[in-house]
Amino acid sequence: MVRIVPSARRTRAPAKLDGRSTPDIAMSLVTTASPLTTADTYTPAADSDAPPAVRGELVINLPMRHAGQRELRLRYELVGAEQAPVVFVAGGISAHRHLAASAVFPEKGWVEGLVGAGRALDPASRRLLAFDFLGADGSLDAPIDTADQADAIAALLDALGIARLHGFVGYSYGALVGLQFASRHAARLHTLVAVSGAHRAHPYAAAWRALQRRAVALGQLQCAEHHGLALARQFAMLSYRTPEEFSERFDAPPELINGRVRVAAEDYLDAAGAQYVARTPVNAYLRLSESIDLHRIDPAAVAVPTVVVAVEGDRLVPLADLVSLVEGLGPRGSLRVLRSPFGHDAFLKEIDRIDAILTTALRTTGETA
């Protein structure tokens, strides 16, 4: 096990949630490269309602599927009541370890609306774990498989003394990683919720991403890779959302500016590209985009109860693919279908509807609706 080395702040090491060892064939290949990991831990005062929170790093040696043995750094955040059921949460390739603002980490998180009092992901009743995906900092210039992400999560659980997750909630790319985790480490997971993520990359979506990566490559040829990345993100926004939403939001006549036509959606797309470039290393985007297209599992290998959430009109993960996934899961799988104008981004917009699904899926013995 990896030993936690706390910082100078008020600290409490994460409690071991289950003393039993859980062997896993895939995990037997993972060894820690260092017995030490740094952690920044917060324990609230006795009269505080704030849950404990820890943010830390550790180093592992991981045999990657397409890149051989690598020394990798994992960055994680764990927030919630000690001894509460642990739920791992993972999002799209832009997501990170910080889910939502807390007493000790007050900055806004990427899934703010779904985490909080009264929600299925309530730190008062769940312990929420997340990490930065392998490759997210841009330092890993090698093919990254979703299986690598799943094995890294298993190594993180070992380091934190967590034998088994109560739930894994994955959105988009996180759903692909969740399916891999459920396939490779089934003994360590009770329930999977996979939102807008299938057992394979749809050929249409893979073609979209291939063109986005070519946009980045053209930018690199012109020594303007950030312009290429911004353009790739703008293309992506068209695939994340739906024609219906664009019709409602941007149905204004074009303008003539300096003799050029500018359509109503361009300001929105420009802002989306600029924001993405400001926070995303080019190499991180390229390698994680490729990782989506490398993803493929056999649904029959997923041996845990799995709730699959599909969105009608999702152009990246069509409903038909998720129907095929659930059919392959057999009695372990169930399907929920949402109608939303937000397409692939519905998991970030349809907060109450997603929360209702999570509440049912993650309910523990003795809990009521």
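Including glycine, each Cβ sits where the backbone N, Cα and C put it.
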Swiss-Prot lists region 'Important for substrate specificity' for one of the ranges 92-95, 292-295, 360-363; which is that range?
92-95
With Swiss-Prot as the source, which of 1-21, 106-126 is set down as region 'Disordered'?
1-21
If I take every residue in the domain 'AB hydrolase-1' (86-350) and average their pLDDT values, what number comes out?
96
Let me check the 10 A CB neighbour count of H344 (active site). How many other CB atoms are there?
25
Could you state the CA-to-CA distance between H344 (active site) and D314 (active site) to the nearest Å?
5
